[in-house]
Amino acid sequence: MTLAVFFGCTFIAFGPALGLFVFTIARDPLRIIILIAGAFFWLVSLLLSSLIWFIAVKASDPRDEPLQKGLLIFGVMFSVLLQEAFRFLYYKLLRKAIEGLVALSEDGCSPISIQQMAYVAGVGFGLMSGAFSMINLLADTLGPGTVGIHGDSQLYFLTSAFMTMVLIFLHTFWGILFFHGCEHRRWWEITAVVVMHLAVSGSTFCNPLYVGSLVPSYLLMATAAAWAYLLSGGSAQNLWRFLLCLRSGPSPQPGS
């Protein structure tokens, strides 16, 4: 039973992201480098935010529960802001990299566009975020112990897997929105990404009322996905036909 929970939660959390990696990133060495670098930037942001939170906890009274809860909320919010700051730094780094690639290319064109970099960087952020969110939980699924034996929710591991999956997708879409905002100096798009990130992270404080965190997160994911699709060149008509499960019309015959 523990193996079934382990593999089920693993495939729910990382299966879709693994599909994105295999079919859109794995065959291009440059994209793999960008993905790994993006994961590294997210990892550094986590290290710095964890250090700040650790110092704040050690400098406070551990018996003061309201204070400790406030520090936890502060740590989550500070971590979100630091992640977005490092996303901006990574954008700046990739912008310099594009200039270098253009200078080295024979035709004066970059082998990868800023939109493609945004997508790959977002996947890198999401995969590393998902790994740190889920790795310890996956280790616990192997036992010993039974979930819910003390009256806790038996859906803990399952909902954690679905939350990890949505965070990976959100980081991917946020990367596209954030880079587009930086590229076109649309600061309201950057602000929207930060607000959505804060909202999703803040919704986890509703747990163990998992509906309070999963439902808003998936609604925001759908919104971010549609927005990223439109910014990437997709048409609103095709998006609407997809939502209504309609096929595109027949192609016109030659000479008609």
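Cβ from N, Cα, C; glycine included.
All annotation found in TrEMBL is predicted automatically rather than curated by experts.
According to TrEMBL, the transmembrane segment annotation covers 6-25 (among others).
Among residues of the same chain six or more beyond the transmembrane segment (32-56), those with a C-beta under 8 A of the stretch's C-beta atoms are 21, 25-26, 71-72, 74-75, 78-79, 82-83, 85-87, 89-90, 93-94, 112, 117, 120-125, 127-129, 132, 175. Annotation source TrEMBL lists transmembrane segment at 32-56 (among others).
Tertiary neighbourhood of the transmembrane segment (71-90): same-chain residues 37-38, 41-42, 44-46, 48-50, 52-53, 56-57, 60, 121, 125, 174-175, 178, 182, 190, 193-194, 197-198, 201-202, 204-205, selected by CB-CB distance under 8 Å and a gap of 6+ residues from either end. Sequence annotations record features per position, and here TrEMBL assigns transmembrane segment to 71-90 (among others).
Under 8 Å from some Cβ of the transmembrane segment (117-135) lie the Cβ atoms of residues 9-10, 13-14, 17, 20-21, 24-25, 31, 34-43, 46, 83, 87, 90-91, 94, 98, 160-161, 163-165, 167-176, 178-180, 232, all in the same chain and six or more residues away from its ends. Residues or ranges marked as transmembrane segment by TrEMBL: 117-135 (among others).
Nonlocal intrachain contacts for the transmembrane segment (155-178), taken as residues 6+ away from its ends with a CB within less than 8 angstroms of a stretch CB, comprise 5, 8-10, 12-17, 20, 38, 84, 87-88, 91, 115, 118-119, 121-123, 125-127, 129-130, 133-134, 137, 140-141, 147-148, 189-190, 192-193, 196-197, 200, 204, 207-208, 210, 213-214, 217-218, 220-221, 224-225, 227-228, 231-232. Per TrEMBL, transmembrane segment is recorded for 155-178 (among others).
What TrEMBL lists as transmembrane segment is 217-240 (among others).
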